[in-house]
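Below you'll find the structure, written out as structure tokens, and then a few comments.
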Amino acid sequence: MSGGWNTIESDAGVFTYLIEKLGVKDVQFEELLTLEPDELRQLGKLYGVIFLFKYPTGEKRSDTPKDGSFDHEAANNLFFAAQTIQNACGTQALISVLLNKTGEVDIGKDLQEFKDFAGDFPPELRGETLSNSDLIRETHNSFARSSPFIDETQRTATEDDDVYHFIAYTSVNGKLYELDGLQPAPISHGACTTSEFPDKIIPVLQRRIERYPATEIRFNLLACCQDLRIRAREMGDEESLEMEEQKRNEWLWENALRRHNFVGFVGELLKGVVGSKLAQSPDAYDKWIEDAKAKTRKRVEDRKKQGMGGDDI
């Protein structure tokens with residue numbers, strides 16, 4: 001392989017502009033805040049969902065999935081790729097949705113050529129081909145956060161690590177499929193048309209979430225749908241159109257910030273603040289430090305009282 005894959009965030013703006021950069025037209029991602037079919041229906045044309053969850057690193061593989069059933073033959077009739085490397089699962093999940101919706105979505109010249117080339121390969125070779133695609137990898141990496149520090153996600157995860165994984169759900173050939181590159185085959189969750197998808201995907205997701213302790217809240221769900229600006233224009237809904245354009249501008253700004261690290265800026269800022277305190281007097285600097293320590297201790301004590309220990313994600 002000619003280069004590594006960096007971690008990208010599970011973020012609607014990241015995924016939307018990532019696929020746009022790959023050449024996909026008129027598609028966006030939208031974060032879902034509830035597990036309600038109505039929230040999915042409100043998005044109009046829906047192509048699939050991408051689910052992010054904490055992956056149980058110590059869990060052993062089974063010949064049967066915990067929900068649904070393996071459909072080994074389906075890999076010959078839809079695009080399913082085995083995941084062969086770390087950190088690519090977000091992009092692999094969105095590609096799993098889009099390459100199975102070519103009759104509904106214009107995926108662009110590059111992804112169409114990739115599908116035409118790798119579509120007849122077995123899942124393992126499709127995964128290797130995806131992992132070795134310079135175009136897809138470089139586009140993926142262009143949305144990773146810039147960091148001057150060592151990326152520990154490049155090491156092999158242990159059972160003590162919090163590891164997160166993306167999988168895709170979509171309706172293909174009249175069935176609801178779970179497309180997880182770490183599984184040996186697509187997982188079928190039964191008959192499902194495109195129009196039935198909002199109703200049938202919710203109980204599947206609910207069952208998945210119920211496998212975890214009630215205290216586990218680190219999940220993220222992104223819907224892949226038609227660009228919401230299209231429907232707003234068709235309906236003459238200027239207010240919704242303005243909101244969607246504003247959201248796009250915010251996503252562009254956030255994505256631009258991701259490409260820069262601000263360690264140098266923060267360092268210079270701290271130098272200026274410290275210099276200002278020392279210029280006042282040595283006592284002013286010492287008092288500033290002690291006040292900050294006292295505030296930190298108070299925050300820690302407050303968190304303990306509220307039962308909020310542990311690291312934030």
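Just so you know, glycine gets a Cβ as well, placed from its N, Cα and C.
Nobody curates TrEMBL annotations by hand; they come from automatic prediction.
Summarising the annotation, TrEMBL assigns domain 'UCH catalytic' to 4-226. Annotation source TrEMBL lists site 'Transition state stabilizer' at Gln83. Residues or ranges marked as active site, nucleophile in TrEMBL: Cys89. Among the features that TrEMBL reports, active site, proton donor is placed at His165. What TrEMBL records for Asp180 is site 'Important for enzyme activity'.
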Averaging the per-residue pLDDT over the domain 'UCH catalytic' (4-226), what integer do you get?
89
How many Å lie between the Cα of Asp180 (site 'Important for enzyme activity') and the Cα of Gln83 (site 'Transition state stabilizer')?
8
CB within-chain contacts under 8 A for Gln83 (site 'Transition state stabilizer'), separation at least 6:
Cys89, Gln92, Gly127, Asp180, Gly181, Leu182
Since the record lists Cys89, His165, Asp180 as recorded positions, which of them has the fewest other Cβ atoms within 10 Å of its Cβ?
His165
